[in-house]
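Student: Annotation comment: TrEMBL describes 4-203 as domain 'Cytidylate kinase'. Per TrEMBL, ATP binding site is recorded for GLY8, PRO9, ALA10, ALA11, SER12, GLY13, LYS14, GLY15, THR16.
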Amino acid sequence: MTVIAVDGPAASGKGTLARKLAAHFGYDYLDTGKLYRAVGLAVLNAGQDPSDADAALAAAQSIDPARLDDPALSGDDAAAAASKVAAIGPVRAALKDFQLAFAGREPGAVLDGRDIGTVICPDAPAKLFVTATVEVRAERRHKELLSRGEDSIYARVLQELKERDERDTSRADAPLRPADDAQVLDTSAMTIEEAFAEALKIVEGRLA
Ligand SMILES: Nc1ncnc2c1ncn2[C@@H]1O[C@H](COP(=O)(O)OP(=O)(O)O)[C@@H](O)[C@H]1O
Ligand SMILES: Nc1ccn([C@@H]2O[C@H](COP(=O)(O)OP(=O)(O)O)[C@@H](O)[C@H]2O)c(=O)n1
């Protein structure tokens, strides 16, 4: 089993790169953000507060990780709720076993998120930390939301990403940061193709 860990802040392009790496190596891919989004959305749909630890834990214990295809998971509301439930330690613990089992898949697995290289798979042989300036990330997410036909205002997306970055980096449990042995890849001035070429070079070097 081989794990490629891809972490980074919101809309840095980590999912795009992780998906391409998985296709290249023939590995399975897991977007771990969807687990937190599913928990956040379940709490919202139940009319509860995503910062309520009991409500969030109950949701985390009852989501079905095999059913993460709800399009509402991609929206801004789910993202903001996700970063609130993600700050609750017992929620993270409840989602860990599924991620570990996925990471054990043969011939390999690519997981993207915030804490794959630091907490979930600290022994992964290949770790990427994908980043970009918050303005570039906001522009990318804004375009993505518009292309899906959603209402989006750049300034609001920028503000939402800043708030999420702040929550994700400052929480006590598994804060967003590069693992000591991760390679940081700043994609601010790269096209998807350029970023993938760099990512592949790094991963091939680590897996050699
Ligand atoms: N290097 C890049 N240049 C331009 N757009 C990109 C780049 N990487 C990703 N994108 C686009 O930015 C958006 C966010 O990328 P995504 O991979 O979903 O980010 P993340 O998984 O980090 O949230 C997507 O619409 C994607 O197509
Ligand atoms: N491994 C992970 C993945 C996501 N998350 C949380 O879930 C939120 C949504 O993650 P995501 O990866 O779907 O977000 P985007 O990068 O796609 O915007 C993040 O802001 C984090 O708070 C986490 O804490 N740990």
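Placement of Cβ uses the backbone N, Cα and C atoms for every residue, glycine included.
From a predicted model like this one, the values you see are computed outputs, not experimental measurements.
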Student: Consider only the binding-site residues GLY8, ALA10, SER12, THR16: which of them have a Cβ under 6 Å from an atom of ligand 2? Write none if no residue does.
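Tutor: ALA10, in sequence order.
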Student: Quick check on the binding-site residues SER12, THR16: which one has the highest count of other Cβ atoms within 10 Å of its Cβ?
Tutor: SER12
Student: Would you mind listing, in sequence order, the residues at least six apart from LYS14 (ATP binding site) in the same chain with a Cβ closer than 8 Å to its Cβ?
Tutor: VAL6, ASP7, GLY8, ASP112, LEU128, VAL130
Student: Specify all same-chain residues, apart from the site residues GLY8, PRO9, ALA10, ALA11, SER12, GLY13, LYS14, GLY15, THR16, whose Cβ lies within 8 angstroms of the center of the Cβ atoms of the ATP site, ordered by sequence.
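Tutor: Neighbours within 8 Å of the Cβ centroid, excluding GLY8, PRO9, ALA10, ALA11, SER12, GLY13, LYS14, GLY15, THR16: ASP112, VAL130, THR131, ALA132, ARG137.
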Student: Within 10 Å of each Cβ, count the other Cβ atoms and name the one among the binding-site residues GLY8, ALA10 with the highest count.
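Tutor: Compared across GLY8, ALA10, the most Cβ atoms within 10 Å surround GLY8.
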